[in-house]
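Going by Swiss-Prot, these are the annotated features:
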BINDING   Arg38, Glu39, Asp43, Arg151, Arg152, Gly153, His154, Thr155, Glu175  D-ribulose 5-phosphate binding site
BINDING   Glu39  Mg(2+) 1 binding site
BINDING   Glu39, His154  Mg(2+) 2 binding site
SITE      His137  site 'Essential for catalytic activity'
SITE      Glu175  site 'Essential for catalytic activity'
Amino acid sequence: MNQSILSPFGNTAEERVLNAINAFKNGTGVLVLDDEDRENEGDLIFPAETITPEQMAKLIRYGSGIVCLCITDERCQQLDLPSMVEHNNSVNKTAFTVTIEAAKGVSTGVSAADRVTTIQTAIADNAVPTDLHRPGHVFPLRAVNGGVLTRRGHTEASVDLARLAGFKEAGVICEITNDDGTMARTPDIVEFAKKFGYSVLTIEDLVEYRLANNI
């Protein structure tokens, strides 16, 4: 990737990662780009612990509509969330579990507020499997242990960023799309970020930062 296009968001990987961590700490979303030879997409990511209905509405409006809750394997086990399929043969091994809905406090589960309620229910410290109905309108993703150092995916990036910002290891993500329904690529993501004031970083930035700081 031509790094100069990302210079408005920091001149180095460390600057961009630190800007993203600070944005997370302030409860603001960030845009994360993966490798051009992978999905070549940009996801808008929020800390699961602080996401608001207004932020969820923005994800739904400007994203693909598939809003995902990225959580650790430990959390998946706590909630008894099995994989969506027995044999995952997707290209990038995206680790969807069964979909979920909060058992209480929601109506149809589709609205922004309902999805936030489902997420809050799922990440609660004392959450148990019966707190959730299955299926639902939130798509959990199981992050691999080791984060982006093990798998260079948006799932792992969101969990890593949440941890680095001092939050529970859980992030909410959605792929950004263009007005015509096509997937937003790097130039589109940069313009989107400038329009709404988001930080931008790449998964490569996060890998480099973690390796350099041994975290």
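Positions of Cβ are set from backbone N, Cα and C atoms, glycine also.
For the pair His137 (site 'Essential for catalytic activity') and Glu175 (D-ribulose 5-phosphate binding site), the C-alpha distance works out to 16 angstrom. Using a 10 Å radius centred on the Cβ of Asp43 (D-ribulose 5-phosphate binding site) and all shown protein chains, the other Cβ atoms total 30.
A count of other CB atoms within 10 A of each Cβ picks out His154 as the most crowded of the recorded positions His137, Arg152, His154. Secondary structure at His154 (D-ribulose 5-phosphate binding site), taken from DSSP and collapsed to helix, strand or coil, is helix.
In the three-state DSSP assignment, the secondary structure recorded for Asp43 (D-ribulose 5-phosphate binding site) is strand. Counting only same-chain residues at least 6 apart in sequence, those with a Cβ under 8 Å from the Cβ of Glu175 (D-ribulose 5-phosphate binding site) are Glu41, Gly42, Asp43, Gly63, Ser64, Ile66, Met183, Ala184.
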